There are 2 protein chains.
Amino acid sequence: MIIDWKAIAGIMGVLLGALGVALVVPALVGLLYGEPEWWAFAATAAGSGIVGGGLWLAFRPKEELRVREGFAIVALAWFVLSLVGALPWTMTGVLDSYADAFFEVMSGFTTTGATILGGATTPQIEAVPNAFLFWRSLTHWLGGMGIIVLTIAVLPLLGVGGMQLFKAEVPGPSADKLTPRVSETAKRLWAIYVALTAIQVILLLPAMSFFDAVNHAMATLATGGFSTENGSVGQYGSAYVDWVVTVFMVLAGMNFVLHYRLLHKDWSATNNEELKVYFAFLGGATLLLTLVLWTPTGDVLPAPVTLDGEVVTQDVVDQTVGAAQAEADAAAEGADLEEVETESADRVGGENIGGGAQEAAELASREERGRTVVRYDSFWDSLRYAAFQAAAIITTTGFGTADYEVWPPLALVVLFALFFVGGMAGSTGGGVKVVRVLLILKNSFRELRQLVHPQAILPIRLDHRVVPEGILRNVLSFIVFYVGLIGLGTLLMGILGLDIWSAFSATFSCVGNVGPAFGAMGPTENYTHVPTAGKWILSVLMMAGRLEIFTVLLLFTPGFWKR
Amino acid sequence: MIIDWKAIAGIMGVLLGALGVALVVPALVGLLYGEPEWWAFAATAAGSGIVGGGLWLAFRPKEELRVREGFAIVALAWFVLSLVGALPWTMTGVLDSYADAFFEVMSGFTTTGATILGGATTPQIEAVPNAFLFWRSLTHWLGGMGIIVLTIAVLPLLGVGGMQLFKAEVPGPSADKLTPRVSETAKRLWAIYVALTAIQVILLLPAMSFFDAVNHAMATLATGGFSTENGSVGQYGSAYVDWVVTVFMVLAGMNFVLHYRLLHKDWSATNNEELKVYFAFLGGATLLLTLVLWTPTGDVLPAPVTLDGEVVTQDVVDQTVGAAQAEADAAAEGADLEEVETESADRVGGENIGGGAQEAAELASREERGRTVVRYDSFWDSLRYAAFQAAAIITTTGFGTADYEVWPPLALVVLFALFFVGGMAGSTGGGVKVVRVLLILKNSFRELRQLVHPQAILPIRLDHRVVPEGILRNVLSFIVFYVGLIGLGTLLMGILGLDIWSAFSATFSCVGNVGPAFGAMGPTENYTHVPTAGKWILSVLMMAGRLEIFTVLLLFTPGFWKR
Ligand SMILES: [K+]
Ligand SMILES: [K+]
């Protein structure tokens, strides 16, 4: 039973054709804004469409797909579409390096949102043509659509990492072949996805341009995190925007089947353990972060942020984030620090509250930020930043309204824990998924009880149904794979010379499709300075994380291809 | 079926009596060296012996112990003996803080070797009376004895984390009660332990005093890591010492049942998968580290270490380690840096190769070390330091001959990976144990194969025997607990204000009973500056890690005590 390459080629043809259609949109955006780069999207669209159509006509599969080909297509789809989707970036010279372009597009399709823009060798986000900014957001949005159909309708059939649990819940296929009912399920859920995106666009319109609203809405629903601004969502400095995005990140991190059922007034859908735990994590983290960040008098908690003896508020820090980035990039190039300070001061300019150029540059320097701790003197500000960042991390969207690396240590630890959890299964969020964390916790308690009652049979239940032991082992194995993959990635990034904390947190972030990390890839940094080989490795890690690991690892096992 | 407190009290009496006997030895050491503090050991010995004897006489269990009481005794033993063993430290005022003393003794009994000595508020190791140095080593050695009997003869009966696997291999008990045959097994293995310690003492004698040799041998066989020198084993600057210690660390990281079988000429014992993987990890890590550390010309690899334009060799760095520690401690107290530089320069003194006082202090400062990368220009030096550190970390001994934090990033990542692996099951080493890592890897490959062959039954074999699925789930759950405990510990240490990387690596190190960590608890630092609450938390984490987690966690479940 050799793998059926023709069937794979046929389906890849469909996907390339779809990519061709998608690429027309950024071409139109470019035309609309009078950007000369629009041709690159048009040319790639035409090429992708023609090749895809040809493959489809030549290799159109006559029978239903088998499981083995299903696996190959899933992984190949993300890889090949990213290879093609990267072309416009380098064709136009907006990016010089194809590795950069591939990283950016894979980061888009996997809804990771890690960016190489804004670095020393890449353009600042504000200098990138709108067609490209839109293409980044569109890769997120399409990636999110792909993930919804994948996790709800495809992966359960393939038996990946406990995803079988969701088979029964979905108004979809029940056979072990990929049937036409998959597309029926997908369409229903996509309709919700599109509707939620549209509603968010409308809600964002009062506070930003139509272009920005569309881009941010697409990035939100996909839990992607690319922004059209260097300062991410924080750039708007609007509590209204922050709260709208927070709410829609939370919605995007929910199982879309739940949205479907709630829309059809099936209120029993809320009687769902994973949902309750998701909100418990969100609420708990928000509460904890709020309390940690809030310091009414500025000196109640230990080590409040001070600069030249004055307590520094978030506003000051917000405005030095850009300066910090420029400085870090310049430092990476070995530029003279004196020069950078002047430059960053110029960029921050007159907006800088309560400080001169040197003060801003001082706070901005990475060493300084490493020692600085920021808190807020208003409860509502604390809540706003806490809720936003908790939602941004647990849903793995990765948007930023604050440089969390200057938050108190406890806040960092809470955020880091959320890196692991991720969204609900069946959402567009990454991470290990709330349901797996829940099952692990249940299994842990069971193991302890088992020690006291060695003879007892203690089944694990989820939503009142017994979870088969095989699925439980799947879930435990998934966690081991997940942790192992992070270990391997850290090792590889270490080989490439990254410091261990940056290597570890960046790998963690990419496998979990979060985006920002800590250290050299912190929330105000980017991935530009990662060596080329590291960009390819992180790209594959993003893909592996996004496709529930098994799907990608399987392709690297010889047995998969042989028999 | 209420827990049988009387039986527990009776057994604790025996253990307290044994502790009383053990405490006589440091009392004698104190007398021998004419140290006035000997009385504290004598007094504690008497108290412990009297209370222990009384408990035994009053509550001597008439029946065989049940599993439940076995669990309670295991965890209580480490906790209570540490509480008592800490008394001489504070009775004599050698340490001011009981939390410090408890941490140090728990670190000893758990063979962790994390120390609070040499900090800003604690005496330097060289200033500590010999009786106390000996007591530290003795806690290691006794802890190692406890672990051997525990993992080979007790935990398998209790069904902890896959330890059942070893039931069959041990010439010991087969019933599900703790029978007298346990003590027979223990005695045989202890004889090997004592013999290996004696051999190492003899081998070390040409290079150090009898006192130092005994202490280092005890710390080696227990994979403990306490040293009588501030600079650990590196202080002797002897390749001979390094290699002797390396070999005995490797022996200590092996299953003592294997030693027993090999001693009885049962050569089939070498046909053991865990053993092969243990040496594969050791050999692979040593090779990798050697290649990474070795730079023949000093500038072949990127970023060789330079100081004022000259390549720095390990010798220079070795001698500034002490200075670095003094400086870091002083910095923690906010002392004037100028003063420290002079002080540390004085300590390094004339031995300093190729540099004046300021140069040494410069290299020694933590910031500088953070950016400095050390390599060796001799292959044999590279091999020596690589083999030592690989063995020290994988066996979780934690001795140091080099400040690995100034090694190249890849070396750090390799060491960090070894933090996780640990020694073989049935050794005195910590970590998750090689056999568990092996089973996880086998399970991972199985899961991938299962995806391709969903209907196939794919049993996992270890040494040609099928591993029951229940044990496999035990092992997977153990890993989840292990990772979860590190996460929880990091969270708690973050709450106490430690930076996230130090909090994470220190927790990792304590749960794995390694000792040194990274960052603020790196190989040249100590745990003195951890807040008091943190010392208690880390103490419990050391205990939990040492006792295979389940044993300790179980005591925190309400069900354990109720029925
Ligand atoms: K993301
Ligand atoms: K140790």
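Cβ atoms are placed via backbone N, Cα and C, with glycine included.
With a threshold of 8 Å between CB atoms, the same-chain residues lying at least 6 positions outside the transmembrane segment (B:7-32) that come near it are 38-39, 41-42, 44-61, 63, 65, 69, 72-73, 76-77, 80-81, 84-85, 88, 129-132, 134-135, 138, 142. The feature transmembrane segment is assigned by TrEMBL to B:7-32 (among others).
The transmembrane segment annotation in TrEMBL covers B:38-59 (among others). For the transmembrane segment (B:38-59), the residues of the chain that approach it from at least six positions outside its boundaries are 6-7, 9-10, 12-24, 26-31, 84-85, 87-88, 91-92, 131, 135, judged by C-beta separation under 8 angstroms.
Under 8 Å from some Cβ of the transmembrane segment (B:71-91) lie the Cβ atoms of residues 3, 8, 11-12, 15-16, 19, 23, 26, 37, 40-41, 43-44, 47-48, 65, 97-98, 100-102, 104-106, 108-110, 131-132, 135, 139, 143, 146, 150, 154-155, 158, 539, 543, 546-547, 551-552, 554-555, 560, all in the same chain and six or more residues away from its ends. The transmembrane segment feature in TrEMBL is assigned to B:71-91 (among others).
Per TrEMBL, transmembrane segment is recorded for B:138-158 (among others).
What TrEMBL records for B:190-211 (among others) is transmembrane segment.
Marked as transmembrane segment by TrEMBL: B:243-263 (among others). When Cβ-Cβ distances below 8 Å are used as the criterion, the transmembrane segment (B:243-263) is approached by residues 144, 148, 152, 166, 169-171, 188-189, 192-193, 196, 200, 203-204, 207, 216-217, 220-223, 233, 269-270, 272, 274-275, 278, 282, 384, 387-388, 391-392, 394-397, 399, 423-429 of the same chain, each at least six residues removed from its ends.
Within its own chain, the transmembrane segment (B:275-294) has Cβ neighbours under 8 Å at 250, 253-255, 258, 374-379, 382-383, 385-387, 389-391, 394, 407-408, 410-411, 414-415, 417-418, 421, 423-424, 434, 437-438, counting only residues six or more beyond its boundaries. The transmembrane segment feature in TrEMBL is assigned to B:275-294 (among others).
Feature annotation from TrEMBL assigns transmembrane segment to B:410-439 (among others).
For the transmembrane segment (B:475-498), same-chain residues at least 6 beyond its ends with a Cβ under 8 Å from one of its own Cβ atoms are 161-162, 432, 436, 439-440, 443, 504, 506-508, 510-511, 520, 530-531, 533-534, 537-538, 541, 544-545, 548-550, 553. Residues annotated as transmembrane segment in TrEMBL: B:475-498 (among others).
Distant neighbours of the transmembrane segment (B:536-556): 71-72, 74-75, 78-79, 82, 99, 102-103, 106-107, 109-112, 114, 143, 147, 150-151, 155, 158, 160-161, 163, 430, 478, 481-482, 485, 489, 492-493, 496, 506-507, 510-513, 527, 530; these residues of the same chain sit at least 6 beyond its ends, with a Cβ under 8 Å from one of its Cβ atoms. Here TrEMBL flags B:536-556 (among others) as transmembrane segment.
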